[in-house]
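Annotated topological domain 'Lumenal' per Swiss-Prot: 1-10, 77-95, 156-165, in sequence order, evidence recorded as sequence analysis. Per Swiss-Prot, the feature transmembrane segment maps to 11-33, 56-76, 96-117, 130-155. According to Swiss-Prot, the feature topological domain 'Cytoplasmic' maps to 34-55, 118-129, an assignment based on sequence analysis. Look at Swiss-Prot and you will find GLU142 tagged as site 'Essential for proton translocation', backed by similarity to another entry.
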Amino acid sequence: MSSVFSGDETAPFFGFLGAASALIFSCMGAAYGTAKSGVGVASMGVMRPELVMKSIVPVVMAGVLGIYGLIIAVIISTGINPKAKPYYLFDGYAHLSSGLACGLAGLAAGMAIGIVGDAGVRANAQQPKLFVGMILILIFAEALALYGLIVGIILSSRAGQSRAD
């Protein structure tokens with residue numbers, strides 16, 4: 001019996017840390033975006049209640065960010081089964097980087113959506129022509145989270161390709 005530490009005992013920790021970070025950070029972004037743009041909708045709705053349903057778009061877009069984190073967390077957690085097949089440190093680090101890529105991109109997108117949504121719905125109440133511009137900016141902010149989701153899927157697919165030497 002060798003006393004050399006291979007690191008495989010700690011690899012699932014990094015994998016589950018990646019799953020948790022994907023969900024936690026993306027939900028933090030979703031919560032911030034929902035809260036910030038929701039405050040804008042509520043304050044705008046006092047003066048122009050007929051625009052509330054039209055101005056709910058940033059709140060919905062922010063809520064979608066949590067789903068991206070959930071997708072990556074499920075992909076990662078289904079790939080962690082050290083009893084069925086060997087799970088190396090490479091796999092754990094791949095899953096950790098996957099979760100961080102998706103989670104932090106979701107956090108950044110949520111902050112952008114919240115700030116743009118808050119200012120956008122208030123400005124839309126005063127000048128309705130700004131609605132299309134607000135939607136375009138929100139789409140670009142949402143694309144940040146999509147980039148993180150795509151990179152997260154690519155990185156998590158790299159797990160399981162390592163082999164013991």
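Yeah, the Cβs are placed from backbone N, Cα and C, and that goes for glycine too.
Counting Cβ atoms from all protein chains shown, GLU142 (site 'Essential for proton translocation') has 20 others lying within 10 Å of its own Cβ. Beyond the topological domain 'Lumenal' (77-95), the same-chain residues lying 6 or more positions past its ends with a Cβ under 8 Å from any Cβ of the stretch are 7-8, 10-16, 18-19, 155-156, 158-162, 164. Taking Cβ pairs closer than 8 Å, the transmembrane segment (11-33) reaches residues 58-59, 61-66, 68-70, 72-73, 76-77, 79-80, 82, 87-89, 91-93, 95-100, 102-114, 117, 145, 152, 156, 159 in its own chain, all 6 or more past its ends. Note on the topological domain 'Lumenal' (77-95): its mean pLDDT in the predicted model is 86. Listed as Cβ neighbours of the topological domain 'Cytoplasmic' (34-55) (distance under 8 Å, sequence separation of 6 or more from its ends, same chain) are residues 62-63, 113-122, 124-125, 131. Remote same-chain residues near the topological domain 'Cytoplasmic' (118-129) are listed as 36-37, 39-41, 43-44, 47-48, 51, 54-55, 58, 137-138 (criterion: CB distance under 8 Å, separation of at least six residues from the stretch ends).
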